[in-house]
Amino acid sequence: MDALVAHCSARLLQQEKEIKFLTAEVDRLKNYSCSEASADLEKLREENLKLKYRLNILRKSLQAERNKPTKTMININSCLEEVFGCAIKAAYPVLENPPLIVTPSQQPKFGDYQCNSAMGICQMLKTKEQKVNPREIAENIVKHLPDNEYIEKVEIAGPGFINIHLRKGFVSQQLTNLLVNGVKIPSIGENKKVIVDFSSPNIAKEMHVGHLRSTIIGESMCRLFEFAGYNVLRLNHVGDWGTQFGMLIAHLQDKFPDYLTVSPPIGDLQAFYKESKKRFDTEEEFKKRAYQCVVLLQSKNPDIIKAWKLICDVSRQEFNKIYEALDISLIERGESFYQDRMHDIVKEFEDRGFVQVDDGRKIVFVPGCSVPLTIVKSDGGYTYDTSDLAAIKQRLFEEKADMIIYVVDNGQSLHFQTVFGAAQMIGWYDPAVTRVSHAGFGVVLGEDKKKFKTRSGETVRLIDLLEEGLKRSMDKLKEKERDKVLTTEELKAAQTSVAYGCIKYADLSHNRLNDYIFSFDKMLDDRGNTAAYLLYAFTRIRSIARLANIDEEMLRKAAHETEIILDHEKEWKLGRCILRFPEVLQKILDDLLLHTLCDYIYELATTFTEFYDSCYCVEKDRQSGEVLKVNMWRMLLCEAVAAVMAKGFDILGIKPVQRM
């Protein structure tokens with residue numbers, strides 16, 4: 001129906017332009033015979049009236065559809081944009097693509113939302129030599145506002161800002177819908193496929209702190225896309241191919257000659273890698289054998305393939321320990337997966353005339369990129385460039401992805417810019433149709449603001465970092481004497497929740513584009529914008545109903561029967577904050593910056609604290625502690641906050657606990 005309204009509106013606009021033109025023609029021909037022009041004009045006017053009538057019916061029908069109870073939360077900002085978009089179109093039908101700016105107000109005195117389009121429209125009209133001030137434009141927009149269920153009143157402030165006040169009944173109804181139906185947003189990703197490429201460690205090397213960001217950010221993005229209804233393919237593009245496997249396999253043959261029949265106890269793969277690397281750098285004979293093993297691997301020699309699989313399996317077991325601890329879900333599809341596609345990729349670029357030869361290398365220059373891609377080395381081998389081109393083509397043509405997101409550090413931005421440019425140049429995708437993005441991120445720094453290292457100067461192993469987090473988390477809980485009030489199981493759950501939650505949140509709450517300083521002390525602080533504070537706030541909210549002897553069934557019944565009153569300013573502020581959740585998520589789907597969600601959850605928690613300190617949810621006898629009165633509509637507000645926080649935590653990959 002939206003499309004039909006848009007189509008009618010466009011036709012109406014075109015007709016109004018034609019009427020203007022013909023009216024001018026009639027005026028010009030006043031002194032001459034103009035019966036033909038007049039006849040055309042009358043015909044257009046008649047059709048125009050019919051269209052206006054039809055459009056009015058369609059708009060009313062669309063509004064009636066919208067007024068039906070919905071099972072999902074609505075994006076209020078988008079709804080207001082639609083309303084003001086209609087008003088601007090009606091007020092200024094001749095303007096093409098006028099600015100449409102609706103945002104939440106920063107201060108209560110400016111209403112709940114603001115429309116700041118008048119200033120931009122004023123600039124557009126000035127270019128058409130029309131003298132008008134922004135305030136007059138704002139008044140004209142307000143005059144053309146269609147009937148809607150959202151707006152109580154509007155006020156024009158300053159030079160032309162339109163302050164929007166929402167209807168309390170509308171906000172109350174939306175909160176009731178949330179409580180009755182759960183925290184859901186419209187399925188905007190229905191029938192769309194997203195591929196997220198993240199984590200991607202190298203086989204035979206341990207995961208280190210550098211892999212933490214890609215793993216955490218990528219997982220959270222996947223959860224958000226899934227919540228928005230997308231079909232998500234989570235890919236782990238591991239480094240499981242290349243010359244390093246030659247030296248690893250040659251070393252395996254020497255150290256465990258019976259590896260084909262007896263499973264070799266490799267144990268510490270990192271040490272195994274270092275041993276083979278040392279031999280590769282110092283023993284010429286070993287180096288030759290290593291290169292022979294690479295050739296045999298590429299030709300799929302069965303014995304060499306078995307050795308390769310053994311090494312990959314040992315690595316995979318270590319990776320999976322970390323993925324399991326952090327609740328990360330991935331499908332492994334490493335560089336080896338794309339090996340058989342490399343030859344065809346090179347041929348396709350050659351056939352299209354994009355390949356140049358430079359010192360025996362086959363290179364591809366991409367417009368706007370300073371460094372070419374090397375798709376074949378001088379020794380005839382393929383490169384990361386070749387495998388990344390093979391990967392992007394497979395994802396576009398075989399997986400039929402509508403969107404591909406690469407969660408890889410900022411250092412790779414030029415590489416991905418060139419790969420994406422090459423894929424567009426050869427015609428694999430159109431960026432106007434398919435979104436292919438590099439979601440880059442900064443490095444993890446120590447408290448000295450240098451790259452995060454151990455005291456001996458080595459890269460911090462991720463498994464060690466997680467174990468240290470668990471230790472510090474338990475110390476913090478014992479410091480607060482939680483071990484005296486929680487059962488052993490509850491204490492263990494709280495320890496894991498705080499440790500991993502704090503590590504994830506510390507990363508996600510920073511703008512991913514920037515470097516961030518890793519500090520256990522800061523992330524475990526239960527004050528400020530930290531997971532520790534938010535997890536404590538969540539358990540506190542969850543405990544309010546429990547301590548008032550209100551069970552889930554009573555809350556469910558109340559959600560259907562109790563009107564949510566929003567008369568107190570703190571109730572109103574909290575209600576509006578809860579309902580901003582869908583617009584926050586929409587922004588992140590657009591820019592992939594997850595710290596916005598962290599900021600929102602923190603704002604929701606602090607807004608709840610203001611509400612709880614000002615509004616009694618449960619009134620008790622001060623002497624006996626007996627519950628005298630329960631303000632059920634406020635209990636429902638508590639429940640709505642907890643529900644939204646729980647979904648926010650879930651998207652961030654954080655597991656809250658009921659007791660802490």
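Every residue gets a Cβ built from N, Cα and C, even glycine.
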Practice problem: For the L-arginine site, Swiss-Prot lists SER200, PRO201, ASN202, TYR384, ASP388, GLN412; sort out which one of HIS165, HIS211 goes with them. | Solution: HIS211
Exercise. By DSSP assignment, list the helix, strand and coil residue numbers for the region 'Interaction with tRNA' (529-543), in that order.
Key: 13 helix, 0 strand, 2 coil
Quiz prompt | Intrachain C-beta neighbours of ASP388 (L-arginine binding site), sequence separation six or more, cut-off 8 angstroms | solution = HIS415, PHE416, VAL419
Exercise. Rounded to whole angstrom, what's the largest C-alpha distance between any two of SER200, PRO201, ASN202, HIS211, TYR384, ASP388, GLN412, listed as binding L-arginine?
Key: 19
Self-check item: Entry from the binding-site residues list SER200, GLN412 having the most other CB atoms no farther than 10 A
Solution: SER200
Exercise. Mind checking which of ASN202, HIS211 has the fewest other CB atoms within 10 A of its CB? They're the binding-site residues.
Key: ASN202
Quiz item: What three-state class does DSSP give ASN202 (L-arginine binding site)?
Solution: strand
Exercise. Across all the protein chains here, work out how many other Cβ atoms are within 10 Å of the Cβ of TYR384 (L-arginine binding site).
Key: 15
Practice problem: Write out the long-range same-chain contacts of PRO201 (L-arginine binding site), meaning residues 6 or more apart in sequence whose Cβ is under 8 Å from its Cβ. | Solution: MET207, HIS211, VAL238, GLY239, SER315, PHE319
